[in-house]
Each structure stands twice: as C-alpha cells, then as structure tokens.
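**Q** The structure that follows is given in the form of structure tokens.
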C-alpha cells in the first residue's frame, strides 16, 4: 500500500482535504509506544461496543471486571492461577517467533508434553521425591520431539513450518484420544482421562489461595529469557539472525546452532505448558486441557512483541479476559465466541497500527 | 513551450535534516532531462515528490503550468506521471499482462492487451503478454515496467538509475528506447550516476549536491571532468600507487575447484597466491566465476577440490566463515545489504558482530552493549560514516556509500591480514568510491594481503599490484602492474 485514496472527481470546492501518505524514514521510540497504546485503546473501545451490542452495558462490564479479577484475594488468585500457563504458552511461541520459526504447533507440543509427563506418573518411574522433576523433564522432551520434525524439515528442505507444526497438532490430538479411550482410561471412573496424579506428582501449593508453584516458576522462566534476549550475546545474535540470516551466516554467526536451539527451546517450553496445566491445574491429563492455548500463545507473543516481560503482562490481561468471558457467559448469556472475537479485535488493531509506523499521514488542501 | 512538469522551490526535511533546499526542476515534452548527483544529494527525494510519495514542506508542483497537489502514487499515475523504480515493482508469479492489469485496475484486459502490444510495437520491441514475469530477463522486466506506465497514460516518465542493473548492450538499447519515448512526445527524467548517459543521451542536465541544485546545463557545454567536479564539488582524480613493501605469501589457493550447477560455471583449478602488502586484482567479465570465488574465499561454499592456505594458520579449505574470520580474514561482500549488513537492526549492533563473536564484549551470557556502542561510535568517526543520527538507527537507512563504510569499519576492526573486497565501489558515487579505495590501499600499506574482485577494469588497473584474469571459471592469465589494458581485455574473453 503506497497510495492514498484517489482524488475525488474534481469538485470545485475551495477546501478539499486530501490525505498524503509518506513513508517514514525512522520512528521515534515515544511515537512507537504511543501508536501501540493508541491501538490498544481503540481495541478496548471496539470491544466495549461489541459487548454493549451483545447486551452487556458498559457500567455492568466495569463492575464485572472488578468482581472477576480484583474484588477479592480469591478472584485475584483465580486470575493468577490462569496466568501461569498462559505465560509459559506465550514464551514458547515467542522463542520460536524471535528466531523466525513460525511455530503454530503449541497445542501438539503441549499434548506430547502431558503425555510424556503422564507416562512417568502412571508408570511410577523414579523415586517419589524426584518424580515431579522427572515429569517436567519428560514433558520438555516430549515437546522437543514433537517440534524436531518440522524443525528438521524446515532447516534441511525449506518445508514451511506453519503447515507442518499445525498439522501435527491433529496427529497429537488423535494420539491423545487413543490413549485416553484406550490404555490410559481412568480405571476408577472409566472416564476418558488419566487417573489422578499422586499428591507428589502435582505442583505443590504456594499456600495462598489455590496458587501453585507454576506461577513463580513461569515468572522465573520469563526473567531468564529476558536476560538471555536483552543482555546476553546469545540474544544479540538471535536478533541479528532474525534481521538477516544470510548476512549472519556470512560473518560467522552459528546460525544453524541458534536456529536449532530456538526451535527445540520453543518445543520444550511448549511441552512444559502441557505439564503446567496437567500437573498444576487439572492433576491429570484430560482430553481438552490444551484447547485454545495455541491461539492465545500466538496472541500473547504478538501483543507482547516477543518480549519475555511483555508476554507476562499480556498473559495477565488474557487471563482476566478468559475468566471475564466465563462470568459474562453465565450472567449475561453472552456467547463464548465473543471472547475469541475480542481477542481478534486486539490482534487486528495492533497489526493495523503497524501501518502508522511505516507511513506518516498528513492532510493537505487540494488546489 | 510549457513544461510538462515543474517543481518550484521545493524543500523537504526529515527530522531536522534538510534533504531538499528550495530546488527548482522542470522537464518539457519531447525532452530527456538527466538528473545527476551523489548518493544522498537529494535526487530520490526530489523524484519521490514528483511522483507523489512525499509532500513538499515548501514550494509546489506544477503540471503544464498549473499548480497541483499529488496525493500519492495512484494520483500521480492518474495525472500522467509514471515512475520506473530501480527495484522493479513486479509480481514474478504473474504474467506480463496480469502485471500491466494490476497497475491499471478497472480496465478491460482485452483493451489493455491491445494497447500494450501497440505501444510495444511503436517503441520497437516485442513482448509476450502470457510469459511469467519471473522467467523474464532483467532488461525485459524493465521494458515491462516502462510499458506498464505507458499503458497507464504516463506523459512524464521518471527512470531511476535504469541502467544500474543492465549490461552494456542492454544499457545502450535502453538509451535508444528513452530517446524514442521523448521523440513520441513524452517528457523523460533520467536519474543516473553514469556521466556518459547524461552527456550523450540527454537534452539537459541538472546536477544536485547536498539537497541543492548546483547547476542546470546543456550536454554540449560539459565534459566528464567538469561534470565530475560539479557533482562532487571538488576535483577528484585517483592515481595508481604501487605498494611500498611486498612481503611473503599470505594466502594461497591451490587448484581450487567448485562444481558448477545449473547456469553457474563453477571454478576450475584456480591457483594463485597473494602476498603481504599487495593488492591482487581479479579481472573478468561478469559471470565468469567471480561470485563462486568470493563464496569459496568467504567460506560460504566449500571447494570440491584443491586447497586454501593462510600463512600462520595452515589449511582452511574446509573451514566455515567463523573460523576463517578468526584467522584474520575480512570480507567486503558484493551485495552489502545481503551479506554485509542486517538492515532492520541498529548501526551499532551491525558493527559489533565481529567483536561479539570474538568475545570482545563478554561471554555467551553477557553482551556488553555499552562497550560495543562506544567502539561503534569511535569507528564511525574514524571511518567517516555519515548520516548516522543515532547508534540505534537502522542500517538500512544508510546510503550506499555510508553502508559500505560501515561494513569496512567493522571488517577492518582488529587489523585483518587478508582482505577480500568484491566490487567494493559498485553503486557508489565518485567520492564514496575513492574513499573505499583509500581504505583498501591503507590496509595494503600496513601489510595486509588484499584480494580485489571487480568487473570494473578501471578499478582493477587503478588499485592492483598484480592482476589475475578469470574466464570461464579458470584463472587464464596473470599480469604485473603497470599492466596493459588491452592485453587484460583480450585475456578476459579467452575461450578454452
């Protein structure tokens, strides 16, 4: 898009304003932030209007947000409990995106992570004291294995990873169904989920509300990645590679190693996302524990600009939105799709705001 | 006669930097008006105002004597202004006709096809409307670009360095086409770096420097020397300077082979050595193994036979870029935006990569940005990289000459023993080219072995202490400076 709207048929009015678009030479940091915040505000406005149209008056909406998220320690606890897996999901996606690997297979990697962790739990592998750690390691391994195929195909043959990672989600889902309706069906209730994990196979409680160690651990992971990307040579080289991989290779940056590490790292954190939900929230592997995290992960990474701390902030608001959606569903009969619609509004607004980073618009009166 | 297009006292600033300072420029129907100037003189900004991409801060645009506001590229096209960009705006997967349609939306394909064929016929070339653009050669693509704007009804045609991407024959053919356009009544603006195009193929010449119009003159009143002086504002003449001291052999290629694939020629048993304190020029007609030789030297392509040794470091035949660079190799690649710089990240970060990999700025877990930025600032000063408004400024925003200086600043950090320079002054104006040459001489004079690959024989003769000629992937001849130009020329077209 390099052109403005065409000049209207020559109406002989004195004051006719035409928009002129100019490519920007550079963008000041303040303006960049201003445009980003502006696009978020627009998204909020559109969302409020959408909800008003669906029968939620703006006043009630405000009250509902307060009740859902901030009115009581209990409400805040639920939001934070939901935040933890979203942080991990966002980080998993951001790690890949930062290395130009469009990993759209988070849900498949989550499923494999949960399957590997459940295997350790069901077969009582290792001593009880080390069981949880073994489950986490297994989950990371499972996620890595699931992303390794698409990574290899991309690096060796240039196969588009969007397609391979996406399709492997369905393979993983069918594998999950096979296990849950077959060998791993709960022997106690005969429902299609695994048996309850033992107490020592679940993430320990923090002792405040129903929060587990998932929250501080996900925070630590975000901090570690923040360090890696902002203050280490590793992160500097990854950003260089993202900007121009051909140049990076020519000047001796270990492009292959950094790509492999990023891809496998993304898969490992994806596997840990599955583990965080299975061992942190559900206490077992269910057949739908992963639903919606793929889209949320992409959204969180995108809105957080692939920045680990940005991911944490966006994940928190995403958790509020998810819980808000549930209560609006119950109290106002709003369809559940509306939550996804609001998420999409945010993506569209932020993505569209890129236009104003590329172009400057000013109005001129036409002669 | 009324001018087709006039830019009247046009000024334009970008964040405090005055790109254009009250510039007047006009072109009449039937005229070819050449616009010359160094990189960054303001030619592109001026033309972007003419075609509606920028709005002037001051001054105005007139079409046939009437003041107008051009609101964007589509409006410019509707007003009869057609821009042929240096980097083509074509969709390779579409056919020729589809590309023309894309630029002329809302008109019937049959009508467009008829008109395109008639116009091509009048301009004296043939074009296959059903061919996929991706399969066309560069000169055919350029003709398509011109055809595209003609079909849109352009009467004012702006060509931005049209021959920069063409070979000599195609360039001559294009100049004939340009004259044809003018003869049929179009007003043509020819933005160019090449003096002879302005001198022999234009009716009027405008020279710009530092955002100002320096001169508007006629070709008959100019010669290459006077034109150069106008463009750069001083008299630049480069003279050959022999090496002060030649030492022992530093890098040795021994029977190096590289298998060719597809249309590539590969390398056949290439052997030569370059000594400390010597510039070894590799001459040859484009496409005779230059790119392959550069890849093999950079470590991007592994030779299929033979060996490469660097004195003091032994055999590096199988080593990748990282290993070679640690052992004193520096590279100025031919495509500085592909192999030299990462455009979307900052100037300082582009500078720091060598030092970072060598551990100058900390371990893998720590990147000392403060130190990297301080060293980048010093190097930018030392190597006279202009146009850096901040160290975080994206490298893509640097002009060609300054981008090249930045590459050199990085590559010459740590005094490399072997320097590979591949067409280092390509696309640069006279002054920037001379500055690059000065750096190469300085590297040689402090004892580095310099390999200069260039398709510009003048550059080779100017700089080299010895010259090897590459033809068909073989090193067919070697000469000592001062060498006979016509003998080298004869060797360049050797057929085995």
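From the backbone N, Cα and C atoms, a Cβ is placed for every residue, glycine too.
I grabbed these lines from TrEMBL:
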TRANSMEM  A:33-55  transmembrane segment
TRANSMEM  A:75-97  transmembrane segment
TRANSMEM  A:109-126  transmembrane segment
TRANSMEM  A:132-153  transmembrane segment
TRANSMEM  A:165-184  transmembrane segment
TRANSMEM  A:211-229  transmembrane segment
TRANSMEM  A:250-279  transmembrane segment
TRANSMEM  A:285-304  transmembrane segment
TRANSMEM  A:311-332  transmembrane segment
TRANSMEM  A:338-357  transmembrane segment
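Tell me about the surroundings of these features in the structure.
**A** Beyond the transmembrane segment (A:109-126), the same-chain residues lying 6 or more positions past its ends with a Cβ under 8 Å from any Cβ of the stretch are 89, 92, 103, 134-136, 138-143, 145-147, 169, 172-173, 175-176, 179, 184, 194-195, 197-198, 201, 266-267, 270-275, 277-279, 284-285, 289-290, 293.
Residues of the same chain lying 6 or more positions beyond the ends of the transmembrane segment (A:132-153) and with a Cβ under 8 Å from any Cβ of it are 92, 101, 103, 105, 108-117, 119-121, 125-126, 159, 161, 164-165, 168, 172, 200-203, 259-260, 263-264, 266-275, 279.
Counting only same-chain residues 6+ beyond the ends of the transmembrane segment (A:165-184), those with a CB under 8 A from a CB of the stretch are 102-105, 107-109, 111-112, 114-115, 118, 122, 146-147, 149-150, 192-194, 285-287, 294.
Same-chain neighbours of the transmembrane segment (A:211-229): 77, 80-81, 83-85, 87-88, 91, 94-95, 98, 202-205, 235, 238-239, 269, 276, 280-281, 307-309, 311-312, counting only residues six or more beyond its ends whose CB sits under 8 Å from a CB of the stretch.
Distant neighbours of the transmembrane segment (A:250-279): 84-85, 88-89, 91-93, 95-96, 98-99, 101, 103, 105-106, 109-118, 132, 135-136, 139-148, 150-151, 154-155, 197, 201-203, 214, 218, 221, 234, 237-238, 240-241, 285, 289-290, 293, 297; these residues of the same chain sit at least 6 beyond its ends, with a Cβ under 8 Å from one of its Cβ atoms.
A Cβ distance under 8 Å defines the sequence-distant neighbours of the transmembrane segment (A:338-357), meaning residues of its chain 6+ beyond its ends; these are 1, 24, 27, 32, 35-36, 38-40, 42-43, 46-47, 50-51, 54, 295-296, 299, 302-303, 318, 321-322, 324-325, 328.
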**Q** Which sequence positions outside the transmembrane segment (A:311-332), separated from its termini by at least 6 residues, show Cβ-Cβ distances below 8 Å to it?
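**A** Tertiary neighbours of the transmembrane segment (A:311-332) are 51, 54-56, 60, 64-65, 67-69, 78-80, 82-83, 86-87, 89-91, 94, 219, 222, 296, 299-301, 303-304, 338-339, 342-343.
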**Q** Which bits of the chain, at least 6 residues beyond where the transmembrane segment (A:285-304) starts or stops, bring a Cβ under 8 A of a Cβ in it?
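**A** That would be 85-87, 89-94, 97, 104-107, 110-111, 114-115, 117-118, 169, 176-177, 180, 184, 192-194, 273-274, 277-278, 310-315, 318, 322, 340, 343, 346-347, 350-351.
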**Q** Using a Cβ cut-off of under 8 Å, list the residues of the same chain at least 6 residues beyond the transmembrane segment (A:33-55) that approach it.
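**A** Beyond its ends, the transmembrane segment (A:33-55) has Cβ neighbours at 61, 328, 332-335, 338, 341-342, 345-346, 348-350, 352-353, 356-357.
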